[in-house]
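Swiss-Prot annotations:
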{"type": "SIGNAL", "residues": "1-23", "note": "signal peptide"}
{"type": "DISULFID", "residues": "C31-C56", "note": "disulfide bond"}
{"type": "DISULFID", "residues": "C32-C72", "note": "disulfide bond"}
{"type": "CARBOHYD", "residues": "T93", "note": "O-linked glycosylation site"}
Amino acid sequence: MKVSTAFLCLLLTVSAFSAQVLAHPGIPSACCFRVTNKKISFQRLKSYKIITSSKCPQTAIVFEIKPDKMICADPKKKWVQDAKKYLDQISQTTKP
């Protein structure tokens, strides 16, 4: 009985701490720990986001690809820069 009570208290403490950490505004919502080396077809790309937080281990571009998947890429790679330009052009032509 004492072990289960102690475990329950520990679980509640951890969950309360996790909620505070996740709600903290200074912590980025996403970080890339690895980047892909594969070039992604531009037709599969939906959008991108630049991750530059000092709390993340590296700067990266996160591409949202079809169907609803996120891929991290190295912003220094030429294909990544070309993909960003492609998405920027598409978003400009679709805006009224």
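Count begins at 1; order follows the chain as displayed.
Every residue, even glycine, has its Cβ placed from backbone N, Cα and C.
Note: the Cα of C32 (disulfide bond) and the Cα of T93 (O-linked glycosylation site) are spaced 30 Å from each other.
Summary: among the disulfide-bonded residues (C32, C56), the fewest other C-beta atoms within 10 A of the C-beta are counted at C56.
Taking the C-alpha atom of C72 (disulfide bond) as reference, the shortest distance to any of the recorded positions C31, C56, T93 belongs to C31.
The 10 Å shell around the Cβ of C72 (disulfide bond) contains 17 further Cβ atoms across the protein chains shown.
Here the Cα atom of the residue listed as 'O-linked glycosylation site' is found 30 Å from that of C31 (disulfide bond). Sequence-distant neighbours of C31 (disulfide bond) (same chain, 6+ apart, CB under 8 A from its CB) are I51, S53, K55, C56, P57. T93 (O-linked glycosylation site) counts 7 other C-beta atoms within 10 Å of its own C-beta, drawing on all protein chains shown.
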